[in-house]
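**Student:** Below are the structure tokens for one structure; questions will follow.
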Amino acid sequence: MNKKCTIIYATESGTSQEVAEKLSRDLVLYEIKPRLIDVTNYNKLELPMEKIVIFVLSTTGHGEVPDPMKPLWNFLLIKSLPSNSLANTKFAILGLGDSSYTTYNFAAKKLYQRLQSIGGTPLLRRGDADDQHDLGIDYEVEKWSQELISKLLTIYPLSPNFNINNIKNQLNKSKYNIKIDKINENNKEIKYEIPTQFYKSKLKVNKRITVEEWEQDVRHIELDISECKELQVPIKYQSGDVAYVLPKNPIKRVNEFIELLGLHSNWIIESIEPIDKEITQSPTLLKLPITIYDLVRCYFDIMGSPRRYFFELLSHFVTNPIEKERLEFFSSTEGQDDLRTYNQKEKRNYIDVLKEFPSIEIPFEYLFDLIPPIKPRPFSISSSSLLNPNTIHLTVGINTYTTPFRRLFRTGLCSQYFSSFLNDNDNNIVPIFIKESGARLPKSNEIPIIMVGPGTGCAIFRSFMQERLYFKNNSDNNNKLGDALFYFGCRSESKDYYYRDEFESNLEKGIISKLSVAFSRDGKDGKKVYVQQYIENDSDLIWDIINNRNGYFYISGSSGRMPKDVKQSLLTIIKSNLLKNNNNNNNNNNNNNNNNNNNNNNNNNDDENNIDEIVNNYFEKLEVEKRFITETW
């Protein structure tokens with residue numbers, strides 16, 4: 001039997017590819033022969049001929065499919081496609097997302113509905129992997145993958161001699177054949193080359209904007225892009241865009257990792273070839289030849305948190321039976337609570353785990369299976385190219401924290417990366433690329449806006465203010481700026497009210513019409529004050545802007561409670577004003593129709609009962625019109 005299927009992944013950060021490759025390798029263990037393909041290379045005309053097709057994709061922006069998938073998605077949206085186009089095709093969809101976003105897995109949901117509408121038959125439920133889960137996306141990925149395999153085995157039964165019990169102990173082949181020059185007799189000097197997808201910006205300013213003794217270190221970063229011409233076209237950006245920064249691992253941890261695995265820094269990797277090109281792609285973000293040192297410093301995400309598959313694969317490379325048993329337990333269904341306590345809560349990285357299993361003997365080629373590449377980190381740009389055409393500004397929080405159990409002190413990878421430049425002035429190249437976000441100013445500067453950006457969430461709104469300042473200074477009529485309300489939040493007025501002079505100057509100049517700052521630790525009697533309290537105090541003004549003047553409402557900042565609380569405050573404002581309008585209408589009707597009191601009272605009760613549905617419909621309309629926009633992380 002020809003046991004084939006096609007797995008299509010659509011990725012921007014690399015996560016979808018990683019998940020799709022793991023799924024492909026798992027299917028091979030069950031005698032299924034998947035064809036793995038990047039959606040960029042997929043011929044859309046093949047889709048109606050697929051017997052079984054599996055999509056793995058994330059959601060980007062405000063509910064859009066990833067950029068590489070847009071040509072295929074636009075093709076699928078053609079209205080003239082017959083309703084039976086995929087009559088012979090079964091499909092499965094796994095979405096990777098973050099439930100802190102209102103558009104959680106929208107791309108997967110839309111694709112699922114569209115494939116059904118043109119005749120496709122779903123193999124199983126849509127998978128919705130959530131990065132906010134205690135176990136991250138792994139929880140749903142593992143669960144959904146097993147359901148998928150069970151469904152596929154009803155279509156492609158196992159051969160009679162197949163022993164399913166062997167799968168548990170079976171080691172997958174490594175992804176790559178790797179050629180290494182371990183001798184380097186000629187002492188070749190291999191210079192690390194930044195991947196071709198990135199511009200080489202130069203660090204120009206790295207300035208702390210919180211007071212020195214304050215617990216939070218927030219930095220104003222300026223990157224010089226005046227000489228960025230690597231991609232044949234000059235680098236360009238707009239207000240609201242996102243800069244992706246490719247960081248490096250700390251030198252101390254790099255040397256520790258190399259010593260831990262018995263490698264040598266000057267070994268040279270000359271070639272990396274996929275063993276099975278049907279299920280493995282060549283590594284991206286990697287230019288060869290490369291030394292072991294640069295591979296570990298610039299490619300492997302050794303400071304990242306291991307996923308479940310890492311523990312499963314590592315169990316094959318320990319010689320100590322007790323260590324092996326522990327790793328097997330961590331990778332089992334029964335061991336997930338213990339794994340969460342050991343790994344996710346303590347934020348262990350790959351080095352931490354490897355040090356705790358000293359009997360490891362890892363074949364070098366399996367490192368690419370065990371440790372993923374460093375992913376570029378996104379930062380909202382906090383400048384406007386109209387005012388700063390040769391620089392990009394970032395507002396970066398140096399992320400340091402202690403873990404809940406062992407109280408280990410941690411610093412995020414990109415935080416360490418930017419911090420390292422303080423003492424390393426000779427190596428100030430920062431690899432970046434720019435991506436458009438879903439947050440844009442209205443087309444007309446006269447349309448009013450409401451901006452809510454506590455902490456480093458203010459970055460995108462600083463870029464908005466700079467753009468408004470440019471138009472005010474370069475306009476024939478200085479009075480054409482619409483209202484702009486800015487709600488900023490921080491902990492202390494004297495410690496972390498960054499960009500204070502700039503924001504207050506913008507208020508004086510009329511760039512913004514209202515500035516409300518909530519200091520969560522400066523409240524009277526120890527009471528905390530948050531931005532949503534100021535928003536609710538401005539209920540009438542916000543309603544006027546949203547309802548009567550077609551204004552825009554933006555939220556930017558850390559995911560978690562803040563975006564949810566601010567959204568709830570907006571919903572409360574919408575509800576109270578809709579009720580107020582409804583009551584006013586009923587009162588007018590009562591005055592004009594004194595003989596119909598009973599009917600009016602009944603209508604009033606019905607409206608009050610349906611108010612939540614009315615509010616939700618109103619809010620959904622704001623989202624559809626892209627007048628309610630969130631940028632959270």
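Any Cβ shown, glycine's included, is placed from N, Cα and C.
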**Student:** Per Swiss-Prot, which of Trp73, Trp144, Trp633 sits in the FAD site along with Arg377, Pro378, Phe379, Ser380, Gly412, Leu413, Cys414, Ser415?
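**Tutor:** The record-listed residue among the candidates is Trp633.
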**Student:** May I ask which residues of the same chain, at least 6 positions away in sequence, place their Cβ under 8 angstroms from the Cβ of Gly412 (FAD binding site)?
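**Tutor:** Correct list: Ile398, Asn399, Thr400.
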**Student:** Let me check the 10 A CB neighbour count of Phe379 (FAD binding site). How many other CB atoms are there?
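**Tutor:** I count 23 other Cβ atoms within 10 Å of it.
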**Student:** Using DSSP, how many residues in the domain 'Flavodoxin-like' (5-149) fall into helix, strand and coil?
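**Tutor:** Helix (H, G, I), strand (E, B), coil: 58 helix, 35 strand, 52 coil.
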